[in-house]
Amino acid sequence: MTALMDKKTFRSWQRQRLADFAKTPAKKRQDQELTSLALQHPLVHEAKKIGLTLPMPLEVDINGLIKELWGEGKELYLAKCHPGWQLDFLKWDEDAPLMQTKFGVWELAEEKEADNALDLLFVPGLAFSPAGKSRIGFGGGYYDRFLAQNSVQTLALVNSAMYFKTPVWPMEDHDQAMDDLIIVKEAGDE
């Protein structure tokens, strides 16, 4: 695929690709490899306060990574969506109750004061490209808005189905680049 698609068309096409990929043994293998590589990454080693979102089925499964980060004594902050397409991060304790939103996203059940002064943020998305460390998300713009307003190092975990050598979606002024991408590809991928 080399032709540029509009974002809506790309998102629909990419969701199907990710759904197909999620049924393969490669998905689980790559998720485990991405967890291992993330734990070795300098940004993760240096960070004390890490923001993240619990994974949806099409995303990289970071549940193993979360357990390891807690084991290393990292403070984890879970994303919380608010009206007006705003995003905050709330301190997450292991035993804190969670609730599922109407979009299927898991958030803290109780309201807490936001703490957006993070050292590192794992940013989810549908697709990523090392060209410009580009990302396209699910379409709400939550992370682009958050990153435009908050200074935080960003890291994305990218499996082979999320990887594009160059973006095949249009990049817009408000799209925020990642600080780094951890990419796992299959043999033969570009």
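Cβ coordinates are placed from backbone N, Cα and C, and glycine is handled just like the others.
Sequence annotations record features per position, and here TrEMBL assigns ATP binding site to LYS7, LYS8, THR9, PHE10, ARG11, ARG135, ILE136, GLY137, PHE138, GLY139, GLY140, GLY141, TYR142, TYR143. TrEMBL lists LEU54, GLU59 with the feature substrate binding site.
Structural mapping of features recorded in TrEMBL.
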residue	record	Cβ within 10 Å
LYS7	ATP binding site	16
THR9	ATP binding site	10
ARG11	ATP binding site	18
LEU54	substrate binding site	18
GLU59	substrate binding site	19
ILE136	ATP binding site	22
PHE138	ATP binding site	18
GLY140	ATP binding site	12
TYR142	ATP binding site	19
Per DSSP, three-state class assigned to THR9 (ATP binding site):
helix
If we check Cα distances from LEU54 (substrate binding site), which of the binding-site residues THR9, ARG11, ILE136, TYR142 wins as closest?
TYR142
Tell me, by DSSP, whether ILE136 (ATP binding site) is helix, strand or coil?
strand
Report the largest Cα to Cα distance, in Å and rounded to a whole number, among the residues LYS7, LYS8, THR9, PHE10, ARG11, ARG135, ILE136, GLY137, PHE138, GLY139, GLY140, GLY141, TYR142, TYR143 that the record lists as binding ATP.
20
Return only the integer: C-alpha distance in Å from TYR142 (ATP binding site) to GLU59 (substrate binding site).
16
Rounded Cα distance, in Å, between GLU59 (substrate binding site) and PHE138 (ATP binding site) is 11
